[in-house]
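Have a look at the structure below before the remarks.
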Amino acid sequence: MASLLKSSMIFLAVLAVILPARAQLDPNYYDYICPQALPTVRRIVEQSVANEPRLGASLLRLHFHDCFVNGCDGSILLDDTSNLVGEKTAPPNRSLRGFEVVDRIKEAVDSACKDYVVSCADILAVAARDSVVALGGRSYEVLLGRRDSRTASLNDVRNSLPPPSSNRADLEEKFRAQGLSTKDLVVLSGAHTIGQAACRSFRDRIYNDSDIDAGFASSLRERCPSSGNDDNLAPLDPTANRFDVAYYSELSHRKGLLHSDQQLFQGDDSESDNLVKHYSTNLGSFWDDFGVSMIRMGNIRPRTGDSGEIRRRCGAVN
C-alpha cells in the first residue's frame with residue numbers, strides 16, 4: 001500500500017509539471033460569473049468580420065503575438081507610457097490590427113457582466129476562435145480564466161517572435177522554446193490560410209528566393225516593386241477570406257507568400273513536408289488538429305489566481 005501511495009504521488013507530481021496551465025484554466029470559467037461573456041464576444045467578432053473579413057486574420061494574429069511573448073497575458077494590448085515601453089511598437093507588431101475591435105468587445109462584456117471579470121487575455125483567445133468560425137472554420141474549446149499582465153517588454157518581442165525571413169530550423173527553435181512541436185508549427189502556420197501580408201514582408205522572397213514558382217513570383221512583382229510601395233498587400237493564399245487548406249496546397253506548389261511559410265515545404269520528405277502534404281487534402285484533419293494546437297498555444301504561461309489583474313481598459317494597467 002505504501003509503495004502504491006508513493007507511486008500515485010509521483011504520478012500526480014509529474015502530471016502537475018506537464019499540465020500546469022490546463023489544471024488552472026477551465027472552458028466553463030465564465031458560465032457562472034458571467035454567462036453572457038462568450039456570446040457577447042462572438043456577436044461583436046461576427047459583426048466585425050462580416051464588415052471586414054480581414055479582421056478575422058488580424059484578431060487571430062493578435063492572440064498568437066500575445067502568447068509567444070511571455071505567455072498569453074494580454075501584454076500585446078498595452079499602450080506605451082512614460083514608464084513602460086511595451087510590445088505594440090516593436091517592429092514585428094507594428095502591422096498588427098484589430099485593437100479597436102478588442103476595445104469594443106471589452107466595453108461590451110464589462111457592460112453585460114456588470115463588473116470587470118473578463119480579462120483582455122481571455123478576450124484575445126475567444127476572439128481568435130470566433131474569427132476562425134466566422135470565416136468558415138470549425139469551432140474548438142477555449143480554456144479560460146487568464147488574468148492580464150501589468151507589464152510588457154519590447155525586447156522580449158525581438159527574442160520570441162519568428163520573423164517572415166525565418167528558415168525552418170529557426171521556426172522550430174522558436175516553437176520549441178514555447179513548448180510547441182514541429183506539428184504545432186505546421187498546424188498553427190495554417191492560420192495563414194486567411195489574411196494578407198504587406199509587400200515589405202515578402203519582397204525578399206519574390207526577388208531572391210529560388211524555391212518559388214516563377215509565374216507566382218512574377219505576378220507578385222507587379223504589386224510589390226523592388227523598392228517602394230511597402231504597404232501594398234497580397235493574400236496569404238488565394239482564398240484569404242475562407243478558413244480552408246488552400247495555404248497548404250499553395251506550399252506544395254512552391255507558392256507560399258512568405259519565406260517562412262515556404263520553409264515548411266522543401267520537398268525533402270521531412271516531418272513538416274509530410275504534414276503539409278497531408279493537410280493539403282484533409283480539411284477535417286486540419287480543423288481537428290488546429291483546435292488542439294490552439295489550445296496548446298493558449299496554455300503558454302497564462303497568469304491565473306493572484307497573478308496579474310483584470311484590466312478595466314485593455315490598453316492600460318489599472
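Just so it is clear, glycine is given a Cβ too, placed from its N, Cα and C backbone atoms.
Marked as signal peptide by TrEMBL: 1-23.
Per TrEMBL, the feature domain 'Plant heme peroxidase family profile' maps to 24-318.
Taken from TrEMBL, the feature disulfide bond applies to Cys34-Cys113 (among others). Long-range Cβ contacts of Cys34 (disulfide bond) within its own chain (separation 6+, distance under 8 Å): Val109, Ala112, Cys113, Asp115, Val117, Val118.
Annotation comment: TrEMBL describes Arg61 as site 'Transition state stabilizer'.
The active site, proton acceptor feature in TrEMBL is assigned to His65. Taking all protein chains in view, 21 other C-beta atoms sit within 10 angstroms of the C-beta of His65 (active site, proton acceptor).
According to TrEMBL, the Ca(2+) 1 binding site annotation covers Asp66, Val69, Gly71, Asp73, Ser75, Glu87. With a cut-off of 8 Å between CB atoms and residues at least 6 apart in sequence, the same chain places Asp66, Ala121, Arg146, Arg147, Asp148, Ser149, Arg301, Pro302, Arg303, Gly308 near Asp73 (Ca(2+) 1 binding site), listed in sequence order.
Residues within less than 8 Å, Cβ to Cβ, of Cys67 (disulfide bond) and separated from it by at least 6 positions along the same chain comprise Gln178, Met297, Gly298, Ile300. Look at TrEMBL and you will find Cys67-Cys72 (among others) tagged as disulfide bond.
According to TrEMBL, the disulfide bond annotation covers Cys120-Cys314 (among others). Cys120 (disulfide bond) has a Cβ environment of 29 other Cβ atoms inside 10 Å.
According to TrEMBL, the substrate binding site annotation covers Pro162. Long-range Cβ proximity for Pro162 (substrate binding site), meaning a same-chain Cβ under 8 A and a gap of 6 or more residues, is found for Asp170, Leu171, Lys174, Phe175, Ser260.
Sequence-distant contacts (6 or more apart, same chain, Cβ under 8 Å) of His192 (heme b binding site) comprise Leu236, Asp237, Tyr247, Leu257, Leu258, Asp261. Positions annotated as heme b binding site by TrEMBL: His192.
The Ca(2+) 2 binding site annotation in TrEMBL covers Thr193, Asp237, Asp244. Just so you know, the Cβ of Thr193 (Ca(2+) 2 binding site) picks up 30 other Cβ atoms within 10 Å once every protein chain is counted.
Taken from TrEMBL, the feature disulfide bond applies to Cys199-Cys224 (among others).
Distance noted between the C-alpha atoms of Gly71 (Ca(2+) 1 binding site) and Cys224 (disulfide bond) is 34 Å. You'll find the Cα of Ser75 (Ca(2+) 1 binding site) roughly 26 Å from the Cα of Thr193 (Ca(2+) 2 binding site). Closest to Cys72 (disulfide bond) by Cα-Cα distance, out of the recorded positions Glu87, Cys120, Thr193, Cys224, is Cys120. Of all the disulfide-bonded residues listed (Cys72, Cys199), Cys199 has the fewest other CB atoms within 10 A of its CB.
In this structure, of the binding-site residues Asp66, Asp237, the smallest number of CB atoms within 10 A of the CB marks Asp237. Reported as a whole number, the C-alpha separation between Cys199 (disulfide bond) and Thr193 (Ca(2+) 2 binding site) equals 17 Å.
Taking Arg61, His65, Val69, Cys120, Cys224 as the recorded positions under consideration, the smallest Cα distance to Asp244 (Ca(2+) 2 binding site) is found for Arg61.
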